[in-house]
Amino acid sequence: MSATIIDGKQLAQKKGEMIKTALERLKTQGITPGLAVMLVGEDPASETYVRNKQRACERMGIHSRLIRLPTTATEQHLLDHVVQLNEDPHIDGILVQLPLPVHISTETVIRAISPEKDVDCFHPLNVGKMILGETGFLPCTPHGILVMLKEIGVTLSGKHVVVVGRSHIVGKPVGQLLLNEDATVTYCHSRTENLSSFTKQADILIVAVGRANLITEADVKEGAIVIDVGMNRVNNKLVGDVEFASVRDKAAFLTPVPGGVGPMTITMLLENTVYAATKARAVMA
Ligand SMILES: Nc1nc(=O)c2c([nH]1)NC[C@@H]1CN(c3ccc(C(=O)N[C@@H](CCC(=O)O)C(=O)O)cc3)C=[N+]21
């Protein structure tokens, strides 16, 4: 069997059209949602991601503002900017690109972002609401994955989802989102013993570790759905955490890297920005 490749780029475009319609409606009410992105330092991967986010905003007609700070910026300096953005009526969403330099506390900076403008859904208040299944922001990458799974029409209720990785940005929240969809969720991570014995049980395998080719065909059940969240640069080429060529012959569905989860992440960020704007300005999108 050769897996159906889930085209994240195409799906992101399709969802993008819907967001565009909402934006046009907002425009007629004189509203242009605004997103502020803060980038500290010069990490080349972060530069690429931020550029992609900005381009997406431009394409959609979302006002975007990039705030660049040098690696040497102090935590207070960053916090001052966050406070300013919290109060800025033109800004509906604030995203602080991670990772931050080690001398800055990520936790402190994220807590400083107004929960109403937290389009990443990283603030503890929004994380809590998400876990409780309350309405509000959903984290971008996990939400993008959920949308992909819904698009292929899989029933999530009762399915065994195995998540490899427990980061605050992908692993932990994606498991919680799928738990809310009545999936049975197993978390694996760097300390898991006999990883393969778990991954082979997965109906849906989500890999978000950051290690090229960690998962091979031997780790996957025949007919599984495999979602690859990895972004690894190997010999100047972007590859995921899943060995694409071999897993493709065993899985029923597989997401590519690039062109899978990445583009969906950006589209969900735009959706959150529009959501923030409609909430803040008490209008219907
Ligand atoms: N506060 C914060 N929010 C984030 O959402 C966030 C972050 N920090 N730090 C880093 C990760 C990573 N991330 C990606 C987004 C898009 C692509 C993406 O568009 N990828 C393209 C390829 C990009 C390329 O060519 O390098 C693709 O997969 O097709 C990748 C990775 C968001 N993150």
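Each Cβ is built from the backbone N, Cα and C atoms, and glycine gets one as well.
Among the features that TrEMBL reports, domain 'Tetrahydrofolate dehydrogenase/cyclohydrolase catalytic' is placed at 6-120.
Per TrEMBL, the feature domain 'Tetrahydrofolate dehydrogenase/cyclohydrolase NAD(P)-binding' maps to 139-279.
What TrEMBL lists as NADP(+) binding site is G165, R166, S167. When other Cβ atoms within 10 Å of the Cβ of R166 (NADP(+) binding site) are tallied across all protein chains shown, the result is 17.
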Neighbour tally for G165 (NADP(+) binding site), based on other Cβ positions within 10 Å of its Cβ: 24
Neighbours of the NADP(+) site G165, R166, S167: Cβ within 8 Å of the Cβ centroid, same chain, sequence order. V163, V164, H168, I169, V170, G171, K172, Y187, H189, A208, V209
For the domain 'Tetrahydrofolate dehydrogenase/cyclohydrolase NAD(P)-binding' (139-279), what does DSSP give as the number of helix, strand and coil residues? 52 helix, 28 strand, 61 coil
